[in-house]
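Student: Feature table excerpt (Swiss-Prot):
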| type | residues | note |
| --- | --- | --- |
| REGION | 1-265 | region 'Amidoligase domain' |
| BINDING | Ser13, Asp146, Ile147, Glu148, Lys186, Thr187, Lys188, Pro189, Thr190, Gln191, Lys222 | CTP binding site |
| BINDING | Ser13, Lys186, Thr187, Lys188, Pro189, Thr190, Gln191, Lys222 | UTP binding site |
| BINDING | Ser14, Leu15, Gly16, Lys17, Gly18, Ile19, Asp71, Val240 | ATP binding site |
| BINDING | Tyr54, Gly353, Phe381, Gly382, Met383, Gln384, Glu404, Arg470 | L-glutamine binding site |
| BINDING | Asp71, Glu139 | Mg(2+) binding site |
| DOMAIN | 291-542 | domain 'Glutamine amidotransferase type-1' |
| ACT_SITE | Cys380 | active site, nucleophile |
| ACT_SITE | His515 | active site |
| ACT_SITE | Glu517 | active site |
Amino acid sequence: MTRYVFITGGVVSSLGKGIASASLGALLQARGYSVRLRKLDPYLNVDPGTMSPYQHGEVFVTDDGAETDLDLGHYERFTGVHATKSDNATTGRIYSEVIARERRGDYLGATVQVIPHITDAIKQAILRETAGLDFVLVEIGGTVGDIESLPFLEAIRQLGNELGPHDAMFVHLTLVPYIPSAGELKTKPTQHSVKELLNVGIQPHMLICRCDRPIPEGERRKIALFCNVRPEAVVPALDVGTIYEVPISYHEAGLDREVLRHFGLPHDAEPDLGRWRRIVETVRNPEGEVTIAVVGKYTNLLDSYKSLGEALTHGGIANRVRVRLDWVDSEIFEQPGAVARLDGVHGILVPGGFGERGTGGKIEAVRFARERHVPFLGICFGMQMAVIEAARNLAGLPGASSTEFGPCEVPVVGLLTEWARGNEIERRAAEGDLGGTMRLGAYAATLVEGSLVRAVYGDAATIEERHRHRYEVNIHYRERLESAGLRFSGLSPDGLLPEIVEYPDHPWFIGVQYHPELKSKPFDPHPLFAGFIEAAVKQMRLV
């Protein structure tokens, strides 16, 4: 029997519904239950793939090629359960599906309305592919009271009634702010937020209250009284030093016990939180510190690189060091001598991105890492910049560039619209809906024997990683570039697409066409990030 937990948020945005959902999933897993997490986003975009990183933050790509909300990254990192395209639905996608059905005549001439047609489609999205699971946790994006959220709230209200209280639970995340002038925590915002939920017919069974200090017992009982929940169901969510401490903090506050009590399940035994305690201990008590310069385009909003920042932290956990990130706008390196800012860093990372702006600075950062023997990791666009730098400065091809920036004399990076996926040829068209010409999702790569990257992957001959890009390194320049010293150490199974490059005579220099950060977890750091930080530790001891 599958049980559903619906997580909503109120008062203000950015309270951490994604972390709360992921933490509850981790706690239920620690008690032996199977879980799946889903996110419903109330915006009209079909998916976040075409949204500006400054508007939305990172686009998290799943194995099956879905471009999804960054919260799905939290779900995967906390639970280890790989998300799919079924785990993220937007208003745009729901409306597109309903309109397509109406055009096909599926509704038999009925007047198509928000209720029941849109709400039914939302319920179908929630219930899809859940057989055999113990728990499905569904996060509703946005803030209660927003007009955009109303169809989703109505859908989960209906679903709560249809499933019944033994199979459905409503959890509401709110803010209990501290007012310095009054010297006390204020419960009124939470009361009003719950009132908004009641206006749409939802009575929450539990409140998670974000606060920066403990909630006095009297205030906790006051919240319970006015919001019509048990005092034990008012769960304080205190600020902690690292997000990986949240599952422990929530358990100590009674979150998982109260959820199990609601469903009539055993809740007295202690969950196994050993791996979370070990992670927190390592983060709190590192044996050293390394500085990594992240030379990117969207550094003004760090959510644009959410998975990347977490993956670097995971690399630090694997090596028992703190990773200090120096976020650098690549455009500054287009000024003469500015690249000297990288003196003293222990590693340089150039992440993914799109467009020509800032590419000159990224190429300068690549050159600095190559010439100074500083550990380097280039991801997606970062690998392409490494190839262009090698072509211009080592292979005698000063006109080398990418066709992404316009026509060029030496297109060492270009657009491909078809490639092999398994035994089939996959084609993308610019007018298509799913990313257009984007190469999305998990693809295999073969690693060259004796290469650094093969050693990093534990001598694996074949790997599978997630991609999100339109442009590819041109295989026709392989011989020229390898003669100049840049080794093509990973290729697509058909040998036509360069996936990994490295310098054999460099202490640690790897560029990858895929996004390894999307598969890294705190309890299972990705080998590339563990290896990169290990190389940075060695660099730290040299300088």
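The backbone N, Cα and C atoms fix where each Cβ goes, glycine too.
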Student: Which of Ile19, Ile147, Val240 has the fewest nearby Cβ atoms, counting only those within 10 Å, among these binding-site residues?
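Tutor: Fewest other Cβ atoms within 10 Å, among the binding-site residues Ile19, Ile147, Val240, is found for Ile147.
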Student: Hey, how far is Lys188 (CTP binding site) from Leu15 (ATP binding site), Cα to Cα, in Å?
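Tutor: Here the two Cα atoms are 17 Å apart.
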Student: Give me the long-range Cβ neighbours of Glu517 (active site): same chain, 6+ apart, Cβ under 8 Å, in sequence order.
Tutor: Ser307, Leu308, Glu310, Ala311, Ile379, His526, Phe529
Student: Test of understanding: give the count of other CB atoms lying within 10 angstroms of the CB of Ser13 (CTP binding site).
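Tutor: If we count other Cβ atoms within 10 Å of Ser13 (CTP binding site), we arrive at 11.
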Student: Based on Cβ atoms within 10 Å, give me the single least packed residue among the recorded positions Leu15, Cys380, Met383.
Tutor: Leu15
Student: Relative to the Cα of Phe381 (L-glutamine binding site), which of the binding-site residues Ser13, Asp71, Glu139, Thr187 has the closest Cα?
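Tutor: Comparing Cα positions, the candidate nearest Phe381 (L-glutamine binding site) turns out to be Asp71.
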Student: What's the number of neighbouring CB atoms sitting within 10 A of the CB on Lys17 (ATP binding site)?
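Tutor: Its Cβ has 24 other Cβ atoms within 10 Å.
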Student: Specify the count of other C-beta atoms within 10 Å of the C-beta of Phe381 (L-glutamine binding site).
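Tutor: A count of 25.
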Student: Nearest to Leu15 (ATP binding site) by Cα distance: which of the binding-site residues Tyr54, Lys186, Pro189, Met383, Arg470 is it?
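Tutor: Among Tyr54, Lys186, Pro189, Met383, Arg470, Pro189.
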